[in-house]
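Only one structure is covered here, and it is reproduced in the block below.
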Amino acid sequence: MSMIRPTPLWRSVAFTLAFYVYTTIACFALGLVLLTTRRATMQVATWWVLGAHWLERKLLRLNFRVVGTPLLQGTAIYAFKHESSFETLKLWQLLPDPAIVYKAELARVPIFGGFLTKLGMIPVVRGAGAKALMPMIDAGRRVIAEGRPIAIFPQGTRVPVGERRPYKQGVGRLYEQLQVPVVPVALNSGYFWPKSGRKHGGTVTFDFLEPIPPGLPVEEMMRLLETRLEAACDLLDAEARNQRA
């Protein structure tokens, strides 16, 4: 049950301040290890993610749970609904060494861009059409050859609770070219961690849905992905809404 606990304003403010101070320290640490090994960079990234989760639990009283299908053996594309920044921080805790599809402009951010490159993430140029997808697909092939999972937000942006946005072609092209399953991942983080305003305590649910097998027509895969993901998120949102009422 995704219980929402009203969070005092001071806790939300304290978390925001602590998180940015902590992230600044983590960026300095990343700057020191970027010229060393990928393993060292990954260790610092893991330290940052786990530390952020500790702050969430202690200051916001915010945690998460995982339900549904266990992680697949081997490689797959994990298509996450995107309602808040919360799930972005959780990808390293939910998946083993994931390759995250991210906006290419983030690679230009000092230190953080080097971190994304060092860990072998997958950049995509938003709004550039089909020509932007070939480098993404090539990077996806490399990731699959390494045996790593791919994490993608199929709508390409954060979508507030209750809104509908189109699903982008990137996830379909990866599915078509890489020939691996797609695992939809529903969540209800937007109720706890809105884009603006006060954050709330409670338990965010991540629901790993039935995998969509490789080999289907892309249009059918996209239809199944959107139908299953939106239906599951509607259920999780209703659960969270009832807990808030």
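Each residue, glycine too, has its Cβ placed from N, Cα and C.
Over in TrEMBL, the protein carries these features:
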DOMAIN    76-190  domain 'Phospholipid/glycerol acyltransferase'
TRANSMEM  12-35  transmembrane segment
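For the transmembrane segment (12-35), the list of distant contacts is 41, 43-45, 47-48, 51-52, 55-56, 59-60, 111-112, 114-115, 118, 198-199: same-chain residues at least six beyond its ends, Cβ to Cβ under 8 Å. Computed over the domain 'Phospholipid/glycerol acyltransferase' (76-190), the whole-number mean pLDDT of the model equals 92. Per DSSP, the secondary structure of the domain 'Phospholipid/glycerol acyltransferase' (76-190) breaks down as 50 helix, 21 strand, 44 coil.
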